[in-house]
Amino acid sequence: MLKSPVEKYSLIEISTSTDSNHQQTPMNTDDMKQRSAESYSSERSLNNRVRFLEPSSANNTAPQNSKLTKFVPSSESFEAASIESINDIYQDGPNSVSRGLQTDISNASVIDWVLGQKTSSTGDSAYRNEPPQDPGTEKDRVRVIVRVRPLNSRETEKSDRSILYCERENSITVEGAKHSRRFTFDSAFDVTSTQEEVFHYSGVKRLVDMAIDGYISTCFAYGQTGSGKTHTMIGPGGANIFRMDENFRIKNFGLVPRAINYLFQQLREKSHETNAPYYIRVSYCEIYNEQIHDLISPSHSDHLQIRGSIEDGFYVENLFQTYIETMDELLTILEEGELNRAMASHNLNDTSSRSHAMLSIQIEQDIQGTDDQKEQMTRQGKLVFVDLAGSEKVKASLSKGKQLTETNNINKSLLVLGTCISALSDSVKRAGHIPYRDSKLTRLLADSLGGHGITLMIACISPASSCENESLSTLRYANRAKNIENVPIVKTDSKENVINRLKHEVRKLKDENHELRQKLGYHLNVLPKLKNRNSDSGSQTSMRSSASSEIYDTQGQLSGTTTKKIRTDHEILTRENEKLVRKLDQVIREHQTQPGGKPVLVVEEDHSRQETDPSPTRRMNKSYTQESKGELSDSVNRPSYASKYRTVRERYPDDTSPQRRTATIVRRVPDSAIVEVRR
Ligand SMILES: Nc1ncnc2c1ncn2[C@@H]1O[C@H](COP(=O)(O)OP(=O)(O)OP(=O)(O)O)[C@@H](O)[C@H]1O
């Protein structure tokens, strides 16, 4: 197995699928339906996977004389009757970068991971039940899977019993004190399901394939606090998993890193076939207390607003976006975004996410227009992963102070999401007003719910009897979400428009960087030096010239070099921008340590030591602890994706990298006036 010298991550190699789920050509609507139908046809085999507990299984505390027989095995019959308010769960009230370069998919060493575990012999089934039900239409309904986590130690200590079991691979039964119900979904994963199984049978691969083909694919995890959303999306302990040893990571990485692995694998194959490079552009943000924060470059978080346009729908204006080139870079962004996420500990979860996090991976490819449409086009598919914050009963979580404010904001935005899901799932209400605008979360999810995207919802639930109401509520919403229909479209724009937009962004970045340099009193450029950069784009001179360079070649075609170059410029400037903003941030904080200001301690933390035990306390990056004087102090981890990645690359250009990883931690120290800067 070859490995890149800078590679830090390993995942399971997903065997190159030969099945027709992974067609290589751009899809039209018929293709899309066919793909979906084919993915349905290769089902998970019950025989191969004895992981669904029988009602009388030893692990299951459901009554022996199960009431299964009284359930009608129809997917629609269980929840059709009443649409209940989400309030019932809130009983406390609503209280390439492609270096600007093409993605380095030719670098097989970065992508060829260990084939740690065998993929299932049953194929890449996305969903087990019926093929898309819309022959002759262009609709694609939201797919929904459900995952039950095991009982945790808190629950077993108080003798909670399990009230959920998966009877078949797509159905789940609640046998609680107050309710007995069965639900069917596209797939159901019980407590014994592995991360790998969830990845293979959830339908995430289909989302990746379709994003490559130009669709907007969204996967979002929904469920009460502590139900396993982050575990399923990222892995146990969220960001902690990136500090674990390789074996642990291979086994426990969640859907997102696995999907990233799969994405790069697919891009490598497809780029060979189409001979056209792919460019990957990434952004990562969180919605925390109804404010949007940038997770790649947290210093950029001032005044991030949602805007809407006819072409782009709702989007976050001025969100830091960067082209990336390798899978490692993307995983670094994922890790650091997770580290920057707002976290807290409460009675129900030691590592509770206090924000909705949204990772967006845009996949661009320049394509030739059709015969009658000679214009060169750029296809812009997008893969979006959303790890929602969990709904929370304050009575149970015992949140107070700042955490209570967070809880109220989380619950309110989930309430709006629930209202939108309810309205969209109702054939009459669907035609009326959908209150997307009532929260930032629903605005950003508008395309995924009833819009032009392709969507997978992962409902996470606890099996504990004490969570009966919450689990049932999650299942009801998941059941309704199945009825939401999207009308997916491939997103393309003329290559000229894309270049012009990039040029505009490059100009804006240049101006902003100039201003930042002036504020910092810098007279010289602080452009980051990147290894392996295009020979002509590492200097200020070439950057200047590129922005005004001719974008057409001698045949009047848009020049490939220019599109690559403009993306290179964009990447250099975003990195410089990130560096300058961080520097300014640091200077401001140091300035605040003057009399009357808050003292700051800046240290560089060495993360080189790999752990084998995911300690939840290591993940408390932004935690709120009551200080002796009654003040709240922030302990904020603000690593820099760009500087860290660069450091690793530049210091260890050969096979010598000890995989040392560092992150800058800025801590407010209320009781001391010490300012210590260690580098
Ligand atoms: N399928 C699972 N198998 C084993 N452990 C799990 C599973 N799902 C969740 N857990 C564990 O349960 C705990 C809570 O999970 P997690 O933090 O993912 O919940 P969450 O839904 O993201 O919560 P919150 O909304 O508060 O952020 C973690 O320690 C996690 O590792």
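In case you wondered, yes, glycine gets a Cβ from its N, Cα and C as well.
Whatever TrEMBL says is automated annotation, not expert-curated.
The range from 128-155, 492-519 that TrEMBL describes as coiled coil is residues 492-519.
Scoring each of the binding-site residues (Gln224, Thr225, Ser227, Thr230) by how many neighbouring Cβ atoms lie within 10 Å, the top position goes to Thr230.
Long-range neighbours of Gly223 (ATP binding site) (same chain, six or more residues apart, CB within less than 8 Å of its CB): Lys229, Leu388, Gly390, Ser391, Ala459, Cys460, Ile461, Thr474. Sorting the binding-site residues Gly226, Gly228 by the number of other Cβ atoms within 10 Å puts Gly226 first. What surrounds the ATP site, by Cβ distance within 8 Å of the Cβ centroid and not counting Gly223, Gln224, Thr225, Gly226, Ser227, Gly228, Lys229, Thr230, is the set Arg149, Ala221, His231, Asn349, Gly390, Cys460, Ser462 from the same chain.
Around Lys229 (ATP binding site), a 10 Å sphere centred on its CB holds 28 further CB atoms from the protein chains shown. In the three-state DSSP classification, Thr225 (ATP binding site) falls within coil.
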